[in-house]
Amino acid sequence: MRLLSFIYLVWLALLTGTPQVSATDNGKTSDVAWDKYSLSVKGERLFVFSGEFHYQRLPVPELWLDVFQKLRANGFNTISVYFFWSYHSASEDVFDFTTGAHDIQRLFDYAKQAGLYVIARAGPYCNAETSAGGFALWAANGQMGSERTSDEAYYKKWKPWILEVGKIIAANQITNGGPVILNQHENELQETTYDSNDTKVIYMEQVAKAFEEAGVVVPSSHNEKGMRTVSWSTDYKNVGGAVNVYGLDSYPGSLSCANPNSGFNLLRTYYQWFQNYSYTQPEYLAEFEGGWFQPWGGSFYDSCASELSPEFADVYYKNNIGSRVTLHNIYMTFGGTNWGHSAAPVVYTSYDYGSPLRETREIRDKLKQTKLLGLFTRVSKDLLKTYMEGNGTSYTSDDSIYTWALRNPDSDAGFYVVAHNTSSSREVTTFSLNITTSAGAMTIPDIELDGRQSKIIVTDYSIGSESSLLYSSAEVLTYATLDVDVLVFYLNAGQKGAFVFKDAPADLKYQTYGNSNLSALETSQGTQYSYTQGEGVTAVKFSNGVLVYLLDKETAWNFFAPPTVSSPTVAPNEHILVFGPYLVRGASIKHDTVEIVGDNSNSTSIEIYTGDEHVKKVSWNGNLIDTRATAYGSLIGTVPGAEDIEISLPSLSSWKAQDTLPEISPDYDDSRWTICNKTTSVNSVAPLSLPVLYSGDYGYHTGTKIYRGRFDGQNATGANVTVQNGVAAGWAAWLNGAYVGGFSGDPDKVASWEVLKFNHSSLRSRDNVLTIITDYTGHDQNSQKPIGTQNPRGIMGATLIGGGNFTLWRIQGNAGGEKNIDPVRGPMNEGGLYGERMGWHLPGYQVPESALDSSPLEGVSGAEGRFYTTSFQLDLEEDLDVPIGLQLSAPAGTEAVVQIFMNGYQFGHYLPHIGPQSLFPFPPGVIKNRGQNSLAISMWALTDAGARLEQVELKAYAKYRSGFDFNRDWTYLQPGWKDRTEYA
């Protein structure tokens, strides 16, 4: 029987020109299956159009739904999500999945509500430019042994995490009515030894078993770290540890913020890669470039035009389609914020990433362009089963054009993806394309590519129950099967388009409404309709009932096809068409009214096509708007914006200041601090001196650390001090209250070795106190030598010069250490500055009368520190979304460490001498858009030149009238001050 089946498959392959592969499942569930073409969910093929989202980087659960609605509206049907162990586990065997933004059940619920599937990525290791790559920081002090191997010490640490988070993932699988369709094992773990006894192979088997023990049954996946190794594919040297669906990570842009002409070189070898190494599986780009992170001292995202360009999305993402990719995840789609101390040293506070959705949750043109592809893939079911018919420069009349040619073996639908062969080219090229259709071979003339532009030319393409295109040189945005078949095309304004209906009558009549005039030409293959794309919306009504919309690209950016169902899969008869607004979050039809929920910055016209003759009215965010009916069946009106609203943000005044470095004084009482008395470390990196001064050995992992070392005698002339707290992290030292040196931080140095020079007059015969305060930019990721995430933090070594030894060291860090005394904000929010330990940054803190009337604009005159607090009131209108940030600047040459706390959340780490970030946004929920807000700024000078700011100002990024409810009681996310004197 197997032989007969094999013969049949060979015969079928010869007949269709492509191998046939039956759908496969993992033996645990058939709800999610796959073959060489695509993933299938509940028996239906799915183009996975996914966006990467990290809930930890947006600590307001209600706003997760805001982001999800924006992704859904812009063509996405899936989100890919990291779950950071570090965020949920402040100490060993303690997990928080319920408090505030730690409640990941809400994540799954909101994803389902928005109509998005979920790809779960819980590690244990995640990387993601987050501190320690997502490992729990209590475990990253060296006690994990050889991380990301089968080392027993490591295994005992990570397994409880996977079991705990795995149970929640399992409960939210599609098999249980939830949105999870794939579960990733580990992250970019490179398989270098193909041996079943290899430690990495054993480790991957352990991870698989742990997820299985937790109840996860959906297919497993992994993400290859670029085309450097071949890892964990069942189709290549499978000795164990392989996953069900192999994925590849790729960031090919090589773009430069400083030079917009550099990079932009397409990689055209994805198809070959997948054919070599995962040929029985669908092509899955588990992470594809949606932007790129920026380091300390680098560029700020808003100024990086090359990363923000919609051209990248147009050319690169369509190239992936041409490569037969059918699982496509964009990393990042929304980046968010590295608030608190959650960043790895390679990034600063903002994790905007240059992503399609800005850190402020605003829609960039890049997302609008991405939407055009998302909506196309949503309805193009024939794209989900194609073979590579060919590729190269021979398909066109101009060899400067490269073409991918895909063919569906069942329907013969064709997809020709064209772009400049030199993808960085800015030339305008007009050419003819040779195509194959059911009516034979033919040539489409007058196709134009304007520099960095790509197009998908379709043939034998179904656009409804009774209509098809023989071909079109205009790009299909979407189509709908409503009362009639409705087709939406787009082109750049001024470009020519042509299309032919398949098997349509030759004498079709049509009426045009708009700026693009259509002409008809009889050909042997049918009537060709040609036009030059004008600006705005043009509608063409054909006598066979088909309605065609012709849009210029910028108009298409503000086109939406809101589904009328909640499922991530949307059939052509399950959405309506809306033109004009900034955002359409959703739409529904009730009786004679179409109810639309959306956002608008400026008043715009709106056009709605529902295909329902009973619909006569339009409601926008609950309010009826005046409309008129068009001759072709749509309704047109105007929806309001926010341009008439004046946003007046309060000036920041009435500052109070207190000393946040009282520990500088030799008389400071540190008797309750942790004594550094260890002579051996759990860390394999040997300390440079004893006792061990690694902060992690004493339970302090995040933020500022303060050390006080004591010694006797007046012989010491200085000290050798080595500090390692991440790139760009500085530190300063005081002897008996006098500044003696330090290091201002360097974005190129992971550690610093400094010689402190003592003034003899500052020395005492007994009980000298050397106070060292260190900044912190995060724990390293796995790739940083020598031991990755477990590289020690704090003082690596400290010895006296000139005679004598330290007699006692004490350390202080974040209040409570691993106790997680503020579970809502979580274990990475605070550091060890005195003001933080005392809770001066928290709402409700009452400033004592002894506090100074002083602002950050006055600053400090020497090597000192201040903690500044003030409050302000906001009273924005209830239907407004106004992203707000804090703009800082400092005089040139200022070397200081500045932190911003909004209602208790550390939402800004500002190093004016390193940069680049100086504007720090706060999402609603961290800031109250209606109510009293508490703002605190900590600042300490890294040198005796002092420090001050010259600008501290609230800034509004933009304003939108919104159908989303931002007018909420955020109190539960902003717990207030409680007495903390025990942590002094």
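Backbone N, Cα and C atoms are what each Cβ position is placed from, and that goes for glycine too.
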Which of TYR82, TYR395, TYR402, TYR416 shares the substrate site with ASN127, ALA128, GLU129, ASN187, TYR251, TYR353 in Swiss-Prot? The record says TYR82
Cysteine paired with CYS304, where Swiss-Prot records a disulfide bond, from CYS126, CYS257 | CYS257
Just give me the nearest neighbour of ASN805 (N-linked glycosylation site) among the recorded positions ASN127, ASN276, ASN517, Cα to Cα.
-> ASN127
Which is it, of ASN187, ASN276, ASN677, ASN715, ASN805: the one of these recorded positions whose Cβ has the most other Cβ atoms within 10 Å?
-> ASN187
Whole-number Å value for how far TYR353 (substrate binding site) lies from ASN759 (N-linked glycosylation site) (Cα to Cα) = 47
Spatial neighbours, same chain, of ASN720 (N-linked glycosylation site) - Cβ under 8 Å, 6+ residues apart = TRP753, GLU754, VAL755, LEU756, GLY797, ALA798, THR799, ILE801
What is the nearest of the recorded positions ASN127, GLU129, ASN434 to CYS304 (disulfide bond), using the Cα of each?
-> GLU129
Cβ-Cβ neighbours of ASN602 (N-linked glycosylation site) (radius 10 Å) | 15
Cβ proximity for ASN421 (N-linked glycosylation site), under 8 A, sequence spacing 6+, ordered by residue number, returns THR393, ASP399, SER400, ILE401, TYR402
For substrate, with binders TYR82, ASN127, ALA128, GLU129, ASN187, TYR251, TYR353, what's the maximum Cα separation in whole Å?
-> 19
Sort the recorded positions ASN187, GLU188, TYR353, ASN715 by C-alpha distance from ASN391 (N-linked glycosylation site) and give me just the closest.
-> GLU188
Can you figure out which of ALA128, ASN434, ASN715 (the recorded positions) comes closest in space to ASN602 (N-linked glycosylation site), comparing Cα atoms?
-> ALA128
Given TYR82 (substrate binding site) and GLU287 (active site, nucleophile), what distance in Å do their CA atoms have, once rounded to a whole number?
-> 12
